[in-house]
Ligand SMILES: N[C@@H](CCC[C@H](N)C(=O)O)C(=O)O
């Protein structure tokens, strides 16, 4: 890669429960990354390595509620642009809260305006309302999202819903062993999901305690997925397996999710800084 600046472009490496992010601040110096450059940076052997790459832009679309602190661009490791990422939203909220000294952050995403603050578990983000209509995900045609007539790898009848991004949830019986990689990668691009889908496997340990493994669209198997944790609680409640609040265990740690009476999903958990660095970007990419 060519370096337009002798020192490269600064970035912060962050993670939420091991779901890791390269965060670039483009609020003062613009940054536009092609899919190829995102892939190169995300590569764990030849780049920095990440599940998602985040670019912070000025908020150019203030609505009636006033301007957000920033607009958060979210890219999967394969370069695709997505609307929502729960773990990265907590990380960005932490940066804003530390930078401003305020107790509330407002982050604009393609999925809407998200408010964040601190709570006993770390950073809490209001992830907004879930979507249950087939067009919310979207699906290829009209169907009942509560129980899809879909069968794969011995599993069947998953629930589908949107948390600003599409999720497919299989509820597992007992200790059934599943091949998350095989089933997840097969269903990620199933023709019923024209924009692909995040695939999760949910075990109900108790009505307020779930365990979730996720194959993420555009990133593969990750240690944690914030929107999948939100979707799992909502889906489990709709299927009658859980209450409206639960601890969600994932291989990287736990999140605490509440689906409140106003139909908003609140997600709480850690947001960590791993290290600061600089990277050479190709000419014309804002280095
Ligand atoms: N890691 C995320 C979700 C990132 C986007 C997802 N892979 C998609 O394509 O929708 C999270 O914490 O929510």
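Cβ atoms are placed via backbone N, Cα and C, with glycine included.
According to TrEMBL, the protein has these features:
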type: ACT_SITE; residues: 85; note: active site
type: ACT_SITE; residues: 85; note: active site, proton donor
type: ACT_SITE; residues: 225; note: active site, proton acceptor
type: BINDING; residues: 19, 52, 76, 86, 87, 165, 198, 216, 217, 226, 227; note: substrate binding site
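Sequence features, as recorded in TrEMBL, placed on the structure.
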residue : record                 : contacts (Cβ under 8 Å, 6+ apart)
19      : substrate binding site : 51, 52, 87, 88, 222, 223, 224, 225, 226, 252
76      : substrate binding site : 51, 52, 82, 216, 217, 218, 219
85      : active site            : 52, 54, 74, 165, 226, 227
198     : substrate binding site : 165, 166, 167, 168, 188, 214, 215, 216, 217, 225, 227, 228, 231
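For residue 217 (substrate binding site), the number of other Cβ atoms no farther than 10 Å from its own Cβ, over all displayed protein chains, is 25. Annotated substrate site 19, 52, 76, 86, 87, 165, 198, 216, 217, 226, 227; additional same-chain residues within 8 Å of its Cβ mean position, judged by their own Cβ, are 51, 82, 84, 85, 88, 214, 219, 222, 225, 228. The most crowded of the binding-site residues listed here (87, 227) is 87, judged by how many other CB atoms sit within 10 Å of its own CB. All protein chains shown were included, and the count of other CB atoms within 10 Å of the CB of residue 225 (active site, proton acceptor) stands at 34.
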